[in-house]
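K.L.:
I have a structure I would like to understand better, so I am pasting it below and will then ask my questions one at a time.
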Amino acid sequence: MAQEVDTAQGAEMRRGAGAARGRASWCWALALLWLAVVPGWSRVSGIPSRRHWPVPYKRFDFRPKPDPYCQAKYTFCPTGSPIPVMEGDDDIEVFRLQAPVWEFKYGDLLGHLKIMHDAIGFRSTLTGKNYTMEWYELFQLGNCTFPHLRPEMDAPFWCNQGAACFFEGIDDVHWKENGTLVQVATISGNMFNQMAKWVKQDNETGIYYETWNVKASPEKGAETWFDSYDCSKFVLRTFNKLAEFGAEFKNIETNYTRIFLYSGEPTYLGNETSVFGPTGNKTLGLAIKRFYYPFKPHLPTKEFLLSLLQIFDAVIVHKQFYLFYNFEYWFLPMKFPFIKITYEEIPLPIRNKTLSGL
């Protein structure tokens, strides 16, 4: 689809048929957990703040072709295939799949921190065939979270796309060994076919990955500034859509990983043209690039450790963060506890009884 589900091209290392995990080098992972910011610019004055929160995730009319500069370390969706059309009277078992991020490389290491990747499994009772469906980054997690600073370009260069991947088979051992493989519902073939049409539309219009959830504080009911758009959100959207079609889910606990930044009210800075264009704010543009500099990939160990110190100093001491969301830049005045990884329960949806005959 979007060349991903429909044509089966793809990117990621798997165990067996396995599923995709957050894919970046260990250095990117550490940097992600430490956050990023380099001092050098404070909040812009005179630019009006947007008052409608959270900022809606922007959808697009079509998925653009990736720039050749963007290269994946692990091929996206290498065993992918088109979503099949099911017989209307087929009973399709639906499974919740969850395993530690980077499990293919680090085993259960990140599972102990509850940093998990989510996917969905299906089994046709008529054919006995199993399928896996997931949504993840085309060019690994680091590229979706931080840009490249190319010397020939004034603006940071982003290799950020996420997409759905569908392939035959479920790697039972992978999901069961360190994670979860549990049936959550049974749907009809008609519901599955309806879902397949929705997945294609969702995949063609929701094109970029967003790592961060940004809130005012960890307190319940605190203002949410920005929502993430990642593998777990795809699973949640799909489950909700199946419930709209009439699927009835089991009453079991389902938890998901979320990475939070905490800040005061964000300040809107502008898009690439208004910040980095011919009439842009050169001081602001330089500050943003300095902010992202510690996240350069493939740093030598000594330089990488120095970058971590810069990150710690910036986010803890200077309380600054620049967020790129909807292809626009925002300034976040960071607040304690700055960053937090949670493993929160989000209940399975309730069936729409008016559509249960599908």
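Just so you know, glycine gets a Cβ as well, placed from its N, Cα and C.
Note that this is a predicted model, so its numbers are computed, not measured.
I grabbed these lines from Swiss-Prot:
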| type | residues | note |
| --- | --- | --- |
| TOPO_DOM | 1-23 | topological domain 'Cytoplasmic' |
| TRANSMEM | 24-40 | transmembrane segment |
| CARBOHYD | Asn130 | N-linked glycosylation site |
| CARBOHYD | Asn143 | N-linked glycosylation site |
| CARBOHYD | Asn178 | N-linked glycosylation site |
| CARBOHYD | Asn203 | N-linked glycosylation site |
| ACT_SITE | Cys231 | active site, nucleophile |
| CARBOHYD | Asn255 | N-linked glycosylation site |
| CARBOHYD | Asn271 | N-linked glycosylation site |
| CARBOHYD | Asn281 | N-linked glycosylation site |
| REGION | 304-343 | region 'Membrane-anchoring' |
| CARBOHYD | Asn352 | N-linked glycosylation site |
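If you look at the structure here, what lies around each of the features I listed?
P.N.:
Averaged over the topological domain 'Cytoplasmic' (1-23), the predicted model reaches a pLDDT of 39.
All protein chains shown were included, and the count of other CB atoms within 10 Å of the CB of Asn130 (N-linked glycosylation site) stands at 17. Asn130 (N-linked glycosylation site) falls within a strand segment according to DSSP.
Asn143 (N-linked glycosylation site): 25 other CB atoms within 10 A of its CB, across all protein chains.
Around the Cβ of Asn178 (N-linked glycosylation site), 18 further Cβ atoms fall within 10 Å across all displayed protein chains.
DSSP assigns Asn203 (N-linked glycosylation site) to a helical segment in the three-state reduction.
Within 10 Å of the Cβ of Cys231 (active site, nucleophile) there are 26 other Cβ atoms, across all protein chains. Secondary structure from DSSP puts Cys231 (active site, nucleophile) in a helix.
Sequence-distant neighbours of Asn255 (N-linked glycosylation site): residues of the same chain at least 6 apart with a C-beta under 8 Å from its C-beta are Lys114, Tyr343, Glu344, Glu345, Ile346. In the three-state DSSP classification, Asn255 (N-linked glycosylation site) falls within a strand.
Mapped onto three states, the DSSP output places Asn271 (N-linked glycosylation site) in strand.
Within 10 Å of the Cβ of Asn281 (N-linked glycosylation site) there are 18 other Cβ atoms, across all protein chains.
In the three-state DSSP scheme, Asn352 (N-linked glycosylation site) falls into the coil class.
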K.L.:
For a three-state summary based on DSSP, what are the helix, strand and coil counts in the region 'Membrane-anchoring' (304-343)?
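P.N.:
Looking at the region 'Membrane-anchoring' (304-343) with DSSP, the answer is 15 helix, 22 strand, 3 coil.
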K.L.:
Which recorded positions (Asn130, Asn178, Cys231) fall within 10 Å of Asn352 (N-linked glycosylation site) by Cα distance?
P.N.:
none
K.L.:
Out of Asn130, Asn143, Asn178, Cys231, Asn281, the recorded positions in the record, which is closest to Asn203 (N-linked glycosylation site) when you go by Cα distance?
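P.N.:
Closest by Cα distance to Asn203 (N-linked glycosylation site) among the recorded positions Asn130, Asn143, Asn178, Cys231, Asn281: Cys231.
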K.L.:
Rounded to the nearest Å, what's the C-alpha distance separating Cys231 (active site, nucleophile) and Asn281 (N-linked glycosylation site)? Just drop the number here, would you?
P.N.:
35
K.L.:
Looking only at C-alpha atoms, tell me how far Asn281 (N-linked glycosylation site) is from Asn178 (N-linked glycosylation site), rounded to the nearest Å.
P.N.:
49
